[in-house]
Ligand code: SF4
C-alpha cells in the first residue's frame, strides 16, 4: 500500500469516518500487520476501553443428523451412520445440568437439520431446559434452522420465533452466515438459507427485541473482497435494525481422519489451507474497522487457539467465548491441540495475562460482574509467564 493511501485510511479511522468497500479491500492488501492492529485497537479502545467480555456458557448440539451436506462440515451425519446421534430431551437437560456448578449463564444450542425430528421437539426442549435451569439464558438455533422449522412446521418465521420466545428463547445464534456472496456460497453451502432468508430472520428477531450475533466463516475458498462484502451487508442491516450485538469471525477448520470410519468429511480440504494466525489477526482488525456500528467483536478461542485469542484482543476483539466444557462442531474437526475445556478461572487468567480487564456479561451484553484491572507489566514479569496453547 502506498504511503499516501495509508495516511488517508489512518486519517479516516482517527476521524471516525465510515470506511468504504475499497477501503476494506485496501486494508486486506496491507502487509503491515502492526499498523492494522494499531488502527483496530484504537477503534476497539474507543468502544470498549480495556475491557474483555466473556460469559460462562455451555454449547450443546442436540443432534448431528443433518439433511444438508455443506462442503466444509465435518459435524453432520446422515441417519443410520454409526455415530449419528439425537438427544432425548431428558438427556439434553441432564447434560446442561452437569454445568450447574460452573454458574453458567447461557446455553448455546445449534444442531443439524434433522430430516424427521418434528417441530414440536424444539420448543419442548427449550421449555424443559428453562424449567430445569431457570436462570440460564437460551441462545439457540441459527437462522438456517429457523428457516428449516418453517419448512417442517408450515409456520412462518414470525410464528416460530414467537413460540420459541414463549418457550424461553433469549437470542438466536449467529451461524449459517458463512460467506454470503453467491460466488463463494454456492460452492460451500448445501441448504436453502442464503442472505435473503438469513437477513430476513435476523431482522425479524431484532424487531421482536432480540440482540443477535453475526458470524463469518473465513479462510477457505473466499477472497478478502468476499469478507468485505459480507461485513458490509451486515453493516447495512445493522444501520436499519441495530440488533446485532457482536460480530464473530470464525476460522475455517480442516478435518482430520475420523478414527471411527477413516473418513475425511470436509470436501474442500484438498484445495484449501487454513488461515494463518497473521491472516486471522488481519481479519479481526479489518472487521473491527469496517463493521463500525456493531458494539463488539468476538474471538471464539476454540477455533484460534489461546495465544492467537490473546493477540486478537489487540486486533479489535473485545469478547471471548466462553467457558466451554464441550463443543462438538469444531472439535470434530480439530486436531491442533486446542483444549476442549475452559473454566471461568482459566478465562480470567487468559485475559489478565493479555493485559486486559475481564468483565463477565450475560447474553444481552449486560454486565454481570467487573473484575480487577490486569496486573502491571512489572508485576507480570516478576512471576513466571504462563504459556497458552
Ligand atoms: S453446516 Fe450445519 S447445515 Fe451444513 S451440513 Fe453441517 S450441520 Fe448441516
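Glycine too: its Cβ is placed from the backbone N, Cα and C atoms.
Please treat TrEMBL annotations as automatic predictions, because they have not gone through curation.
The following features are taken from TrEMBL:
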type	residues	note
BINDING	66, 70, 73	[4Fe-4S] cluster binding site
BINDING	178	S-adenosyl-L-methionine binding site
DOMAIN	52-279	domain 'Radical SAM core'
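When the Cα atoms are compared, residue 66 ([4Fe-4S] cluster binding site) and residue 178 (S-adenosyl-L-methionine binding site) turn out to be 17 Å apart.
If you measure from the Cα atom of the residue listed as 'S-adenosyl-L-methionine binding site' to that of residue 70 ([4Fe-4S] cluster binding site), you get 10 Å. Report note: the [4Fe-4S] cluster site is defined by 66, 70, 73, and the residues of the same chain whose CB lies within 8 Å of the CB centroid of those residues, excluding them, are 68, 69, 72, 75, 76, 112, 190, 191. Its own atom aside, the Cβ of residue 73 ([4Fe-4S] cluster binding site) has 21 Cβ atoms within 10 angstroms in the protein chains shown. When the binding-site residues 70, 178 are compared by the number of other CB atoms within 10 angstroms of each CB, 70 has the fewest. The 10 Å shell around the Cβ of residue 66 ([4Fe-4S] cluster binding site) contains 22 further Cβ atoms across the protein chains shown. Over the domain 'Radical SAM core' (52-279) the predicted model carries a mean pLDDT of 94.
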